[in-house]
Amino acid sequence: QGCPRILKQCKQDSECPGECICMAHGFCTI
């Protein structure tokens with residue numbers, strides 16, 4: 001399903017929707 005284009009703050013990958021991962025800047029991205 002990929003990574004939804006939603007700016008979502010995170011501390012770990014499991015907080016991110018779809019296949020997004022939590023990046024160093026603290027937001028979910030592809």
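Here, residue 1 is simply the first one shown, and the rest follow in order.
Just so it is clear, glycine is given a Cβ too, placed from its N, Cα and C backbone atoms.
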Identify which of C10, C20 is listed by Swiss-Prot as the disulfide partner of C22.
C10
Answer for the disulfide partner of C3 (Swiss-Prot, candidates C16, C20) is C20
Report, in whole Å, the straight Cα-to-Cα distance of C10 (disulfide bond) from C16 (disulfide bond).
7
Helix, strand or coil at C20 (disulfide bond) [DSSP, three-state]
coil
Checking the disulfide-bonded residues C3, C16, C22, C28 for other Cβ atoms within 10 Å of each Cβ, the smallest tally belongs to C3
